[in-house]
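What TrEMBL says about this protein:
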DOMAIN    61-341  domain 'G-protein coupled receptors family 1 profile'
TRANSMEM  43-68  transmembrane segment
TRANSMEM  80-104  transmembrane segment
TRANSMEM  144-165  transmembrane segment
TRANSMEM  177-195  transmembrane segment
TRANSMEM  222-244  transmembrane segment
TRANSMEM  282-302  transmembrane segment
TRANSMEM  322-344  transmembrane segment
Amino acid sequence: MCFHEQNGYSPFFKEMFELATQFAGCHNSTFQNHSNAQPSENIILFLTYAQPVIAVVGIVGNIFVITLLNAASKETACILYLRCLAVFDCISITAFQCSFYPLMVLKVYLMTRYGSTFSAIDIYFSKPGVCQITEFVSFTSRTLSTWTVVMFTIERLIVVVWPLHAIKCFTLRRSQFHILLSILISLLINMPWFFALETVQDPCGTGEFVCRPNEVLNINRIFEVLFLSVLPATIICSCNAVILHKIRNHRRPGAEGGQGGCVGGHPGSGQSVTHSSTTRQLLTVSFCFVVLTLPSAVINVVQTFNHFLDTLKDFSGSLADTYYIAWFLFMINLSSNFFVYCLVRRTFRKAALRLFRRKSGHCSHQNRASTLHIAQTEAVT
């Protein structure tokens, strides 16, 4: 099939995309929700291939982060937070790929290419209970990822501003308790997501089950914006402003102060605040978090108002494009840990290079040993 005509798509592809958007329109008119309009075909094509690549890179990168942090010579509160952040991000990426991607990206793409093939997506991902569980896991892991960044930020704030208090507040045992408590709270507060989607017979007559959003979803959107975007961003930005102010004061002539790094403990390591790689790491992680999650927060606010007030009906297609792009940026945020740490921390870069060289050397040694064994066997026979 040729796809290279005028705007890059054959008439058949355009016809199938119109069929796909008509199917989406059937759902939208049935659910009376204009915010669920499908994005443009270019956005769907891009996300169909780009999103799995970002997901694989993110999962592999977070696994490397976990491996390298496990090899740290000393367990500290900040290493615990960074390791948990990598674990939660891995779960978030996986859940995102099992909920948003198959039902809102891959399904539309398959419809445009193969027509009725899209029904296979519903068979596996729209079974009763499946879409509810994936939605719950997705938002629970996202909550944990977000608030782990918040806890790490507060830990750095106390280390920088009140280093003596940090010794008592952020012992390893207390940090473990903070993580366990955050897991319990996240499980409880995300329970409503179980009821945000309903599994019903496809109203468009395909004979399959589909996941249909209800009013609980729109109420949850308000909570999502406040609890997963506005409040964390406010805390993170406020704490980082205080940290940056403290750093500026330490740059003045005659100013003294110290801050422990991630491995060296809290106070007493002899490091200047301005040269702390851990603080730079926090500021970079926080900056990436705010920049890459802000678009999804804004578009959620706009779509929620649009659902209740129906004021942007004529712009539903543009809203859908923006919505998909915003969630793609959120995926990049979940997948960026390894690259951020390599960019900021020299010791992390060196450890990563050593790990890669050791793995490649081990593979080469195994290949040489296998080749030698085969040669010896053939010589005997």
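Yeah, the Cβs are placed from backbone N, Cα and C, and that goes for glycine too.
Counting Cβ pairs closer than 8 Å and at least 6 residues apart in sequence, the transmembrane segment (80-104) and the transmembrane segment (282-302) reach fewer than three and form no contact.
Between the transmembrane segment (222-244) and the stretches 43-68, 177-195, 282-302, 322-344, it is 282-302 that has the most C-beta pairs under 8 angstroms. In terms of C-beta pairs under 8 Å, the stretch of 43-68, 144-165, 282-302 lying closest in packing to the transmembrane segment (322-344) is 43-68.
Sequence-distant contacts of the transmembrane segment (282-302), counting only residues of its own chain at least 6 positions beyond either end whose CB sits under 8 Å from a CB of the stretch, comprise 146, 149, 152-153, 156, 221, 224-225, 228-230, 232-233, 236-237, 240, 243-244, 312, 319, 322-323, 325-327, 329-330, 332-333, 336-337, 340, 343-344. The average pLDDT for the domain 'G-protein coupled receptors family 1 profile' (61-341) in the predicted structure is 79.
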